[in-house]
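I have placed the structure first, in the form of structure tokens, so that the comments after it can refer back to it.
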Amino acid sequence: MNQTTIAKEVKGIGIGLHKGEPISIKLEPLEAGSGIVFYRSDLGISYEAKPENVIDTQMATVIGDHRGYVSTIEHLMSAINAYGIDNVRIVLDANEAPVMDGSSIGFCMMLEEAGIKELDVAKKILVIKKSVEVKEGNKFVRLSPTDMPIINYTIEFDNPIIGKQNYCFEFSKQNYIEQIARARTFGFLKDVQALRAMNLGLGGSLENAVVIDDNRILNPEGLRFKDEFVRHKILDAIGDLTLLGCRVFGDYTSYAGSHKLNHLLTKELLKDPSAYEVVSLEKSTYKVYEKVFA
């Protein structure tokens, strides 16, 4: 099985979640071995989507350096992972990816329009060989060896609308599109107001987030899934793990995880070469792992 890129260039436009300004986005094909690269056209600077380039995880996953940064990359990265795309250049004219509708379905539609092109170099996959875990109080994220890639995610909020939710996701592109891609980011009205006081979250609205005010959902259309909150956390986790550079063949388990914990997990994993193996999917090995690309 070979690496892929997109078959043709596609363009889109959206709003930035934090600045609230229009953002142009363009996806361009790249050759094998290039990986996922973000290009700030307004600065003329490129950033590879890798754990070592992450500079902030407080509100979103942010890559960059002293010259500039690209924020809120996780939803786009999640869609790229689901479509099995190894190499693509993302051109942005601002410091964040557009929020779209708060989920990754808009990016999935862009990738559908672009199509997928197979390249002439074998695809790689990261196989988990032993468990790696990161904890913060009672919160944790863990990667473990498995025969089938599973994401088992639990969240628990002191709010009756969310409460405790668990979702077990068996990874495949079709499952992702049906179960995960449409799950939107969410937040509490009081937090939105605090963010705006700091000149952040200016692009957030009921058009691109589920907003909760005490015991009610403000979005007139309600939820897309009864457990949309935990499904979106899975969407985020997939995006964060994509910074490892290839699809992860492992069992990801989380209780109250976050962008911060996901980033620390990728760093902890890469510190221990015995915890993983990067496998080249030549014909002789592909059958063992083909389920992850179903």
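Here, residue 1 is simply the first one shown, and the rest follow in order.
Glycine is no exception: its Cβ is also placed from the backbone N, Cα and C atoms.
Site annotation (Swiss-Prot, ligand Zn(2+)) includes HIS232, ASP236; from HIS75, HIS263, the additional listed residue is HIS75. The CA atom of HIS259 (active site, proton donor) is located 8 Å away from the CA atom of ASP236 (Zn(2+) binding site). Neighbour counts were taken as the number of other C-beta atoms within 10 angstroms of each residue's C-beta; across the recorded positions HIS75, HIS232, HIS259, the minimum falls on HIS259.
The number of other CB atoms found within 10 A of the CB of ASP236 (Zn(2+) binding site), across every protein chain shown, is 23.
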